Amino acid sequence: MLGTYYTFPELLLWIPLLTGIILFFIKNSKVVKTVALLSSLLTLGVSVTSLFYSDIAHHPEYFNYSNVSYVWMPYIGSSFSVGLDGMGFLLTFLTAFTFPLIFAATHKREYANTNVYYGLMLLTQAGITGVFVATDALVFYFFWELALIPMYFLCSRWGGEFRIRVTFKFFVYTFVSSLLMLIGVIYVYLHTPPVSTLSDHSFYLRSFYNATLTRGEQNGLFWLFFLAFAVKMPIFPFHSWQPDLYEQSSNSSVMVLSGIMVKMGIFGMLRWLLPIFPDAVGSYQTLVIIFCVIGILYGSSIAFVQSDLKRIVAWSSIAHIGLMGAAVFSANNTSLQGVMLEMFNHGINIIALWIVVDIIEKKTGIRKISELGGLAIKSPALSIFFLIIVLANIALPLTNGFASEFLMFTGLFEYNKYLAAFACLSIIISAAYMLNMMQKVFFGVPNTFTENVGAITMSQKFILSIIVLTIVILGIYPGPLLHLTQGSVTEILQKFK
Amino acid sequence: MNAIIISALWGVVMMFGGVFFKKSTIPKYWAIAGIIILLAANILEFRGIQIFNIDVKGMLHFDNFGLQFNTISFICTFLFFLLNGREIEKVGENVSEYFALIFFILCGVSISSSFNTLLMLFLGIEIMSIPSYILTGSDKRNLKSNEASLKYFLMGAFSTGLMLMGIALIYGGNSLGSFYINMIELGTGKMPVMIAAGLVLLVVSMSFKVSAAPFHFWAADVYDGAPTVFTSFMATIVKIAGFIAFIRLFQVSFGIIQQQWQMLIAVITAATLLIGNLTAVFQQSVKRMLAYSSIAHAGFMMFALFALNNTAKEGLILYALSYSVATIGMFAILVKMSDYTIEGFNGLYKYQPVLACTATIFLLSLTGIPLTAGFASKFYMLLAAVKDGHQIWLVVLAVICAAISAVYYFRAIQAIYFKEPPAGAYPQLDVTRNFKYLLIISAAIIILAGILPSLVVDWLYY
């Protein structure tokens, strides 16, 4: 089994899917937590192993597609085909890497119906992985929606007071937009060349790349796809579900949502939007980048005036996502490589922020930055870790954030100097709100809320040091990741010539 | 042919059996036996084995499409009997007659799926409708049931009149003097006035039968007033049989001039989708919500008629299965509830996890979430409509309506999982172990057909 590299994308899918289903039937909550952690570690192992079994030997310059497909609906030209390329590997690895961290970081949390909670988490993992490995449009759409359903239940069942309404808003936003994408998928499908004798058209990714679409058709279809991805990311005018949901949901669901699920939107743009509609991207890229830049400035400005820790992180995420969106639509080698790197880094950094927020919330029971203070005296280790994470979010040199943001800004600058200049303002604002948060939460004199806070435990230190190590290593030496994704970037850019 | 004769005969057997059955629990078993025989006979016919060899002068034509639909409707009826057998006994005293009427409806269903002349179409539709009027009023002491029955009968009779008028006009406008649907003279260019008038009357009356807007007003009251067990039967099998007849008629007789009437169907489809979905959002009673949602689904099924290609027919077959199983399952759960409002479902998962979980799968399927049959059928419908390529706005509208439908289906899901059950003791539901297993099987069918729709569709080309 291990001899053929082809089985890895499937293993990445089936392990969380099957353990997720099994967990629903286990009652003991300790066993549930252990099984979930082991399953996610196993997935991580598979993901790492898949790197060594890649055909780098044959294609030293980059990861190539490896594809495995099963007959599914031959008469309409759809097969269950999954595969990994550099970009796919990067994101499946991000998923596999962060889930054990999330499970470990929230190990102590008690939930009602623990088995259901962890079962849904693993199903979400399977759904997200499915999106990243799908090379058939219908399979992609299946997983795109399937990742949403367990997430819907996770956020509606566990969380704050208004969680049901807020989650439903998120659900409706994404459901409408993805159904519109379905129309787009069907339309493109009807313009693809056949790959087998059984059907006239095909849902296969390569057939989609070869679809014959006029410029006018592309312009219309572009928006159908764009909307689905933009809502998921979320890009500026479609973001209104995001801050409320992040505030209301339980912390580990938010980690999955903000750390991994939003990458589905960016990934979708890179794999399904840019290469299929290059002409339309040419027509609309300035418009979209303008929206993204507005989102960057808007998100950072709002984050500046928030008083709730979770809302600060939520709005700062909108700013980061806006930057990624702008870089995606700049569509040059530098910016796309920056996006690839940032997808990974943003995932790590924002999950790190949530973990710290979770620790603070658990220790003090409050999230208002005006009521917190003096944590640096009470818990020095936490404050050191948090400082590094904050610096990575500001994108200080030597942290991972710097490498990716630098590439993205350079790419954006290549596309349009003025827009890049506006976008760069976000660095200043983000430094302001992040350091403001740091100052108010950690420095100063301990007050009534924080005076009983103790130091963080060994396991928390361990988790945070893994994250901080990743941040520093990728900050100093991002080369391997860039090497991995160069092939995918080259392939996307080929369509623009 | 097998199905038509056996269902009619078994209906008669059940009716006279009412005299001999001493206990009211016996007819149920006879009915289940009957439906198994019916299913077997239909499958034999699928394989080309005719038990009865009757020369029908080409007035009936059995093809895979019709037979496949028969199979699905018999399977759904089987499921319906198994799930609701005990509830049917509670409706009134004439238990055996209720089953007899259902068998007569199945006879009408089999005729509607295989007619080849306008006369047979009329017979099939009427044989389906008249027992439905009676079943609606079967809860004799309930005024709402009586009202619904009378309303249904009066409106139904009126639409039957329109259908007859349409048939007469088409017959009259036809120099061959023939009722055969494949021999209607449509002329070249614009169709003759009499044919056009007949066509419009047929559209109106068939739209009435399938509860498409603006001829849907009866549906909500009738489905709400009828005994809940029978609502689930009428809203699924009877309605979809109407669609099968509708598409059969329009494909064979008027298929080549589709351009001339497609806009009419598009408008009806759009109106049905909008009215069904928007009205369902405001319902407080789950029964009424499901009644309006059945109108909304009629809108989706109208896509088959709008596109009228092979994909559309595949989609309609899938829709028949996914919608019927989900609706029958949902109604079976609803019948067991003491309170039909959405609040009645509050916290269901805390005291009936199996019911809660299967209800969720049914509702997700009705919404059209991937992995359920509901998605597969909606996907086929959208595929057919985009393939047709004329009215993309209609597809966009349908998608938006599908999203609206999430609002009311998810309201029930939210009640089941996220709301607290009523304080004090949990409501006691009369639910047996077998009932739960059946629900799980129904949910499994939904998921299986969602993952592998070709299992259902490929039989069309068998």
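The backbone N, Cα and C atoms fix where each Cβ goes, and this holds for glycine too.
Taken from TrEMBL, the feature domain 'NADH:quinone oxidoreductase/Mrp antiporter transmembrane' covers B:117-404.
TrEMBL lists B:6-22 (among others) with the feature transmembrane segment.
Sequence-distant contacts of the transmembrane segment (B:29-53) (same chain, six or more residues past either end, CB-CB distance under 8 Å): 1-3, 5-7, 10, 13-14, 17, 21, 62, 64, 67-68, 70-71, 74-75, 77-78, 81-82, 85, 96, 99, 102-103, 106, 110, 459, 462. The transmembrane segment feature in TrEMBL is assigned to B:29-53 (among others).
Positions annotated as transmembrane segment by TrEMBL: B:95-112 (among others).
Residues or ranges marked as transmembrane segment by TrEMBL: B:118-138 (among others). Here the transmembrane segment (B:118-138) has long-range neighbours at 59-60, 91-92, 94, 98, 101-102, 104-105, 107-112, 145-146, 148-150, 152-153, 156, 160, 163-164, 167, 170-171, 179, 181, 209, 222, 225-227, 230, 233-234, 238, 241-242, 245, 249, meaning same-chain residues at least 6 beyond its ends whose C-beta is under 8 angstroms from one of its own.
With a cut-off of 8 Å between Cβ atoms, the residues of this chain six or more beyond the transmembrane segment (B:150-171) that come close are 118-119, 121-122, 125-126, 129, 132-133, 136-137, 177-179, 184, 194-195, 197-202, 204-206, 208-209, 215, 217-218, 221-222, 225, 253. Positions annotated as transmembrane segment by TrEMBL: B:150-171 (among others).
What TrEMBL records for B:191-208 (among others) is transmembrane segment. Within the chain, the transmembrane segment (B:191-208) has long-range Cβ neighbours (under 8 A, six or more residues past its boundaries) at 155-156, 159-160, 162-163, 165-170, 172-174, 184-185, 215, 218, 242, 245-246, 249, 254, 257, 260-261, 264-265, 268.
Look at TrEMBL and you will find B:229-249 (among others) tagged as transmembrane segment.
Through the fold, the transmembrane segment (B:261-282) approaches residues 199-200, 203, 207, 212-214, 216, 220, 250, 254, 289, 292-300, 302-303, 305-306, 390-391, 394, 397-398, 401, 404-405, 407-408 of its own chain, all at least 6 residues removed from its boundaries and within a Cβ separation under 8 Å. Annotated transmembrane segment per TrEMBL: B:261-282 (among others), in sequence order.
The transmembrane segment annotation in TrEMBL covers B:289-310 (among others).
Listed by sequence, the residues of this chain that lie at least six past the ends of the transmembrane segment (B:316-335) yet keep a Cβ under 8 A from its Cβ atoms are 65, 68-69, 72-73, 75-76, 79-80, 83-84, 87, 228-229, 231-233, 235-237, 240, 243-244, 247, 286-287, 290, 294, 297, 300-301, 304, 355, 358-359, 362-363, 365-366, 372-374, 376-378, 380-381, 435, 439, 442-443, 445-446, 449-450, 453, 456-457, 460. Summarising the annotation, TrEMBL assigns transmembrane segment to B:316-335 (among others).
The annotation transmembrane segment is assigned in TrEMBL to B:392-410 (among others).
For the transmembrane segment (B:437-461), the list of distant contacts is 46, 64-65, 68, 71-72, 79, 82-83, 313-314, 317-318, 321-322, 325-326, 328-329, 332-333, 354-355, 357-358, 361-362, 365, 370-377, 380: same-chain residues at least six beyond its ends, Cβ to Cβ under 8 Å. The transmembrane segment feature in TrEMBL is assigned to B:437-461 (among others).
Listed as Cβ neighbours of the transmembrane segment (B:6-22) (distance under 8 Å, sequence separation of 6 or more from its ends, same chain) are residues 30-31, 34, 37-38, 41, 51, 94-97, 99-101, 103-104, 106-107, 110.
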